[in-house]
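Dropping a structure here in structure tokens format, bear with me for questions.
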Amino acid sequence: MATVIDGKLAAEKVIATVTQASAALESQKGVRPGLAVVIVGDDAASHTYVAAKSRMAKQCGFNSIQHSLPGDTTQEALEALVSDLNADPAIHGILVQLPLPKHLDSERVTQLVTSEKDVDGLHVVNAGKIATGDFETGLVSCTPAGSMLLVKQALGDDLSGLNAVVIGRSNLFGKPMALLLLAANATVTMAHSRSKDLASICKNADILVAAVGRSEMVKADWVKPGATIIDVGINRIPAPEKGEGKTRLVGDVAFAECEKVAGSITPVPGGVGPMTIAMLMANTVVAASRALGVAVPKF
Ligand SMILES: Nc1nc2c(c(=O)[nH]1)N[C@@H](CN(C=O)c1ccc(C(=O)N[C@@H](CCC(=O)O)C(=O)O)cc1)CN2
């Protein structure tokens, strides 16, 4: 039976380091890290995530600001807000919650956030820095950064000789995750919806990272015995066993069958999800430390 990787516990450790670094900034510079989170519209899941981010930012001792804009906000109004936040010296990190309503151009907004305050790690400057191995001055996207900490917790810092397969190729997750694995010396394959024979590609993976957005797609016979599995999916499915109309969360990996084959595996919930929020806090304290010229904490 696989070891279940506890993302909540790992996230608590990150948060403890963030809180300490935040307190040190305040005592040395009299400044608290400032995080602005922008949400547009009324998507229920997005509001839950943003509320969790704001709560955690306060717990870390940050100056936490939330801008909730109506669903009919124009591109111009959203860009004006982001420009104001870019210019505000009290704000060290800016995050625009995704997805944005369809009439808005997410890419334009993402690229408008100044790269030094881009705590989501989505600006092309930060994406380029990960691609070129510059982890000293860039900011890494939160979910891949958190997933990578879980991989290293299971396998150590050097992944030399290990085959890693990432299923999914988004800018938010798949591409940066593949680059982080490569930087740790893994031999990386990127697979996606157009890949032929996903099962046999996955069967070769010592590290299997699933970010496909399809409930329990990865089955036990796709998994190499002893592999480390990181499940990035968060899918809500009907759970009639809990009562009529009830739902439950599952990942992209069929957990119950895969844990019998894998060496270690992240659960959903309680795996990668909590790490996403913890790494947002980590990026914010890193951005604030750089802006204020103090020693940058390591995660
Ligand atoms: N601007 C961004 N937008 C979005 C991101 C992001 O990183 N930046 N990621 C996702 C959503 N997300 C954060 O925003 C997120 C998703 C899930 C969790 C989490 O802790 N999940 C829990 C379960 C929560 C539940 O019960 O629903 C878990 O897995 O244990 C945190 C953050 C899309 N948008």
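Cβ atoms here come from the backbone N, Cα and C positions, even for glycine.
So TrEMBL says this about it:
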| type | residues | note |
| --- | --- | --- |
| DOMAIN | 5-120 | domain 'Tetrahydrofolate dehydrogenase/cyclohydrolase catalytic' |
| DOMAIN | 141-290 | domain 'Tetrahydrofolate dehydrogenase/cyclohydrolase NAD(P)-binding' |
| BINDING | G168, R169, S170, I234 | NADP(+) binding site |
Using a 10 Å radius around each Cβ and counting other Cβ atoms from all shown chains, which of the binding-site residues G168, R169, S170, I234 yields the largest count?
G168
Return the average pLDDT for the domain 'Tetrahydrofolate dehydrogenase/cyclohydrolase catalytic' (5-120) as a whole number.
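So the average pLDDT across the domain 'Tetrahydrofolate dehydrogenase/cyclohydrolase catalytic' (5-120) works out to 98.
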With NADP(+) as the bound species and G168, R169, S170, I234 as its recorded binding residues, calculate the greatest Cα-Cα distance and give it in Å as a whole number.
16
Counting by DSSP, what is the helix, strand and coil composition of the domain 'Tetrahydrofolate dehydrogenase/cyclohydrolase NAD(P)-binding' (141-290)?
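Here the numbers are 59 helix, 30 strand, 61 coil.
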Could you give me the DSSP helix, strand and coil counts for the domain 'Tetrahydrofolate dehydrogenase/cyclohydrolase catalytic' (5-120)?
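With helix first, then strand, then coil, the domain 'Tetrahydrofolate dehydrogenase/cyclohydrolase catalytic' (5-120) has 62 helix, 19 strand, 35 coil.
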